[in-house]
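Look at TrEMBL and you will find 13-29 tagged as compositional bias 'Low complexity'. According to TrEMBL, the feature region 'Disordered' maps to 1-77. Among the features that TrEMBL reports, transmembrane segment is placed at 233-254, 337-357, 364-380, 386-402, 414-434, 487-508, 528-548.
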Amino acid sequence: MVVQARSKHREAAAAAAAPPRASPQPRRAVGAGEPELERELPGGRGFPAAPPSGGRRPGRKGQRPEPAHPPRSLLSRVSAGLRARLGQRPAGGRGRTWTTLLLAAFAGILHWSHITSLFENDRHFSHLSTLEREMAFRTEMGLYYSYFKTIVEAPSFYSGVWMIMNDKLTEYPLMINTLKRFNLYPEVVLASWYRIYTWIMDLIGIQTKICWTVTRGEGLSPIESCEGLGDPACFYVAVIFLLNGLMMALFFIYGTYLSGSRLGGLVTVLCFFFNHGECTRVMWTPPLRESFSYPFLVLQMLLVTHILRATNVYRGSLIALCISNIFFMLPWQFAQFVLLTQIASLFAVYVVGYIDLCKLKKIIYIHMISLALCFILMFGNSMLLTSYYASSLVIIWGILAMRPHFLKANVSELSLWVIQGCTWLFGTVLLKYLTSKILGIADDAHISNLLTSKFFSYKDFDTLMYTCAAEFDFMEKETPLRYTRTLLLPVVLVVFAAIVRRTMTDILCVLSKQRSHLRKHQFDHGELVYHALQLLAYTVLGILIMRLKLFLTPHMCIMASLICSRQLFGWLFCKVHPSTVVFAVLAIMSVQGSANLQHQWSIIGEFSNLPQEELIEWIKFNTKPDAVFAGAMPTMASVKLSALRPIVNHPHYEDAGLRARTKIVYSMYSRKPAEEVKQELIKLRVNYYILEESWCIRRTKPGCSMPEIWDVEDPSNAGKTPLCSLLVKDSRPHFPTVFQNRIYKVLEVIKER
């Protein structure tokens, strides 16, 4: 049977039944080989296993004994709860709580200043024109920002929202609800804030931006540049950087709470800074979905940690978890895969008995509620219901409901664990397959194909479009070396080994039929086991897809905080003061860490893309407002954003219909006949095609040029000269050239009469 940790009530009953003792005696954990560590408060502080008196507080005869803990006001209880969550002792706790919050605020301001400076140094953003700022938002970033721009420039906020919900520019001639398709709630919220901000400032007569003329030299025309929160682009990135500054404050609180020491918060923050380039890319690509979503994952994981650690789970914690789930999922489609790993880790912690059935049920219910609310807010986005995450929640709920039947099975403890694990794994895959087939959804089919291509020789057009991009390739071999140079990897391995050793001792105790409460000598709660399993999940994701190390590295920084945990390293801190160990580790980390920071600070540049600027200006003044364009996905985002022209394809590649459209558009880089490609473009109602020679010859690695990708998809034409090479030399007679510079060539697609 599944052996669960004893509840607080059973321990209290056992203590009441036992005879009073004069003083608590130290106990030894069976098989541990060392004195049992003091039990942990929610913040990790130790306390004796029994009261010193061993009994009830005496009172006068005929009088009611005075309560050990007199009633406290609501403010006192809230303060005590906050102190407990921050891992502080009650005595003098109010001052320590404020110290922790002030240190967290300082960390947040420091990170905000850091990423703001890096972004400005890299782009010289404050001195760019409006067009240059828009061009600086490449690929997906430009697509997302275009909807913010639409709402900001609309006659009213509601008309702007209506325009993005009835959009005909993005996938012409289709009308799509982009709020449903592209996770655009951040842009809607930021646009409403911008309109409110500018309205209030105009009302009270405060200037919100300063504009001046910038001379660019080299024969270029002067531009007008505006700086201040009154400029839409400046306001947009400022809010993103502020949010990610708050994220660092959360990291400090998270590290403090998990380790039970403010030193743990310090370790987390410094590890993040020392490995900043591996932790985030918000300073280079602010509008990406992760910039809005990931800070709420940090909050969500902190709340999960609190719920796992707490003896009683209160409604407020569950509501906060639900809200953080929603704020994490709404901005980012990929969030469901991250939450899948979390649910899998929590289920594994439950199976081996570290959390009880009731607590896991509450967590599962909250995830179900937040998923349902996101489904409603996303106007019925079917990818949420047909995801592995949704299927996993249903299967785990079924396993929990069938728990009595599992317990009746006459099998060993290990066999029961294996049965539950296999039921979850195969049930999730089967249910996801069935729901996708029943609802006819194939939007996320490329994810399965992408994972298949990682382990087998499977290739098709869509998987090659992903795997040929560096960020979707396997993790670089240099990444673990960079972790090692900053000492992050060695510290995390030490922490992970300490958790595994104690967990294995617990598991062996259970499998050998020893008393279940022996696990209490190792871990009072399952949050450390959960974090270890979550680390394994993020490691697998990061190895398979390099981009996902943005989950792995910050979580490693969180795990590094446990080097300060008395629960794990109390035996060491009895001999050496914790601060001595921590500052010695940080001193070694800072050698390479400071070099990494110096490298980031040395990046000085200025954004300029004159060829694209010429292209956008030509489109604005030489084509009709309803002229339809096709071309490479990154360029199409800029055409829609800055030229406001309809496009037929764009960088948001997660929709099955859009992938089919993009394949047609990219046939210009295949070896197909020109006439065949032209007819397909006419069916899409394309008026102009933007051809880029670099896409014809660029090759990130063997087999990854566009003609080579098409050889996999269209082997019948393999060996022929690519169509793009022919059109670069002479586009006649099928596609007349109407504009050309050193990068772009605009071809007119004329419908034959």
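All residue numbers here begin at 1 and follow the chain in the order shown.
A Cβ is built for glycine as well, from the same backbone N, Cα and C atoms used for every other residue.
Keep in mind that this is a model prediction, so the values were computed, not measured.
If you look at the transmembrane segment (386-402), the same-chain residues 6 or more away from its ends with a CB under 8 A from one of its CBs are 336-337, 339-340, 343-344, 347, 357, 360-361, 364, 367-368, 371, 420, 423-424, 427-429, 431-432, 435-436, 439, 441, 444.
Only residues 6 or more beyond the boundaries of the transmembrane segment (414-434), in the same chain, are considered here, and those with a CB under 8 A from a CB of the stretch are 1-2, 344, 347-348, 351-352, 386-388, 390-392, 394-396, 398-399, 406, 511.
Within the same chain, residues 2-5, 7, 297, 301, 304, 308, 325, 328-329, 363-364, 367, 387-389, 392-393, 396, 399-400, 403, 417, 420-421, 424, 447, 503, 506-507, 510, 516, 519, 523, 525-526, 529-530, 533-534, 537-538, 541, 551 sit at least 6 positions outside the transmembrane segment (337-357) and bring their C-beta atoms closer than 8 Å to a C-beta of that stretch. Sequence-remote contacts of a segment are chain residues at least 6 beyond its ends whose Cβ falls under 8 Å from one of its Cβ atoms, and for the transmembrane segment (233-254) they are 86, 100-101, 103-105, 107-113, 115-116, 119, 125-126, 130, 133-134, 145, 148, 190, 193-194, 197, 209, 226-227, 265-266, 268-269, 272, 280, 282, 286-287, 291-292, 294-295, 298-299, 301-302, 305, 554, 557-558, 561.
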